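Here is what Swiss-Prot says about this protein:
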BINDING   266, 268, 278  Zn(2+) binding site
């Protein structure tokens with residue numbers, strides 16, 4: 001599998017906290033950004049298979065939207081244990097956003113990878129979720145992957161944040177009451193882009209929508225048989241929902257593309273009340289509350305980059 005490697009700009013956590021504090025204040029009424037010890041992510045509401053998001057951090061972008069649109073390329077299937085080896089971190093803890101492994105499921109879905117990959121001494125642990133539209137009533141159907149399936153697949157496209165899964169220092173972000181137009185992730189990403197310019201910074205981690213509701217989408221179970229050639233066509237194909245807090249989100253974002261055809265931000269989420277999907281923005285600016293834990297990435301790995309590309313379907 002072809003792979004390009006890039007070293008991110010890595011400011012100190014303290015500097016990043018200061019930059020994010022300033023930028024988020026333009027978009028939220030109440031903002032507190034600080035450097036803290038990562039909370040134990042094995043506990044509720046996260047229930048991850050590891051305690052933290054620290055140690056040898058990297059971002060992997062695998063495949064891309066051109067393998068889904070305008071028409072699906074069903075040859076593009078991946079394995080998260082193999083991806084961990086490609087990014088030189090066997091045993092990595094991987095979280096993020098991608099397309100579900102249709103090669104196993106038999107249909108298309110939104111995928112929330114949460115995987116402790118295989119290493120020399122440890123068996124892999126799959127804490128992933130997938131979301132699809134319930135054919136019976138049109139509602140979201142969120143399922144824990146390992147309750148039915150035992151592989152570590154994903155497909156088509158994935159934006160992944162990987163680490164050793166260790167405890168350590170992270171950036172805690174609390175933001176309440178949105179006053180600007182940007183969603184939580186876009187605000188952080190654009191703040192970093194404005195501050196660091198041509199020095200790309202990559203970040204990942206997890207955040208909770210503690211209060212409020214969000215606009216979300218779930219892809220149809222059937223891939224489109226007619227070509228989807230614009231954002232408008234894609235939006236007609238997708239199923240949109242409003243979903244309620246608390247939601248556990250898995251963001252991956254990069255301040256600026258270093259010329260590797262990146263999807264600059266991508267966030268999927270799950271919950272313990274049966275809702276999950278692709279995060280767009282909150283729909284309750286007056287009441288929304290976000291609490292997140294983030295770590296900067298040292299390296300970027302661009303895996304199986306599409307040779308033919310386009311700019312739609314990346315929202």
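Cβ coordinates are placed from backbone N, Cα and C, and glycine is handled just like the others.
The DSSP secondary structure for residue 278 (Zn(2+) binding site) is strand. For the Zn(2+) site, the Cβ centre of 266, 268, 278 serves as reference, and the other residues of the chain with Cβ at most 8 Å from it are 97, 98, 110, 112, 159, 250, 267, 269, 277, 279. Under a cutoff of 8 A between CB atoms, and with a sequence separation of 6+ in the same chain, the neighbours of residue 278 (Zn(2+) binding site) are 97, 110, 216, 217, 218, 266, 267, 268. Counting every protein chain shown, the Cβ of residue 268 (Zn(2+) binding site) has 26 other Cβ atoms within 10 Å.
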